[in-house]
Ligand SMILES: CC(C)(COP(=O)(O)OP(=O)(O)OC[C@H]1O[C@@H](n2cnc3c(N)ncnc32)[C@H](O)[C@@H]1O)[C@@H](O)C(=O)NCCC(=O)NCCS
Ligand SMILES: Nc1ncnc2c1ncn2[C@@H]1O[C@H](COP(=O)(O)OP(=O)(O)OP(=O)(O)O)[C@@H](O)[C@H]1O
């Protein structure tokens, strides 16, 4: 199967909105094949990959850990402080992430596949998808959940938010919306309903 005939749903949302939590429900409760761009962004900089050398050449050995792997916390602090450096990193990594993503999607055997990406709208990845699902939460909740999860200062989360599409812009691209401002049970309930809907769409599309 090639990615062109797989029914791909794009799942996006800002930092800490609940993309991973939603994707886990699609995968674990419904067996949906999930491809996560954040995970691919780790694969493309694994030791031995050319991109890791390019990053070390540009930012110095301070972005490497003792074992030679990428020190993501150091690079994160740097690139979200200096937008030009972030853009340099993106132009290096986005084509590589895209290649890994397309290859993985092509192996999907579930009725539809999920492409999870924080930058689905910003990077144009949504063009690979048949529908866009946005996980939407108020900014204050994004900040509260992310600082709790990552143990990082609020200013760093705000800097990352600044590098992402505004909530309104993301919602403009949405075909479907999950509102994740309640507990995990409420999130799962919305995922379960959407799954039924996507099954109808994806099986209908094959006929
Ligand atoms: C800066 C890096 C090293 C920080 O790594 P770290 O492990 O701390 O974070 P992780 O990769 O899990 O990302 C966490 C969240 O940060 C946000 N984020 C990451 N990169 C970006 C970016 N370029 N622009 C806006 N937000 C971003 C997203 O909400 C993402 O879900 C890493 O995020 C990275 O390599 N970013 C550049 C590649 C990229 O654009 N990735 C986004 C998915 S395509
Ligand atoms: N409905 C909810 N109730 C309580 N906690 C939640 C809920 N949804 C998500 N969380 C928690 O909030 C944090 C952020 O969620 P998650 O990691 O799924 O977001 P994300 O959109 O994948 O983030 P990122 O863009 O940073 O990768 C996690 O610690 C998660 O367990």
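Backbone N, Cα and C atoms are what each Cβ position is placed from, and that goes for glycine too.
Just so it is clear, the model here is predicted, and its values are computed rather than measured.
Record features, source TrEMBL:
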BINDING   16, 17, 18, 19, 20, 21  ATP binding site
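On the structure: features taken from TrEMBL.
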residue : record           : Cβ within 10 Å
16      : ATP binding site : 25
17      : ATP binding site : 26
18      : ATP binding site : 24
19      : ATP binding site : 26
20      : ATP binding site : 18
21      : ATP binding site : 16
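Under DSSP, residue 16 (ATP binding site) is assigned to coil, being neither helix nor strand in the three-state scheme. DSSP assigns residue 21 (ATP binding site) to a helix in the three-state reduction. Each of 13, 22, 135, 145, 180 belongs to the same chain as 16, 17, 18, 19, 20, 21, is absent from that list, and has a C-beta within 8 angstroms of the C-beta centroid marking the ATP site.
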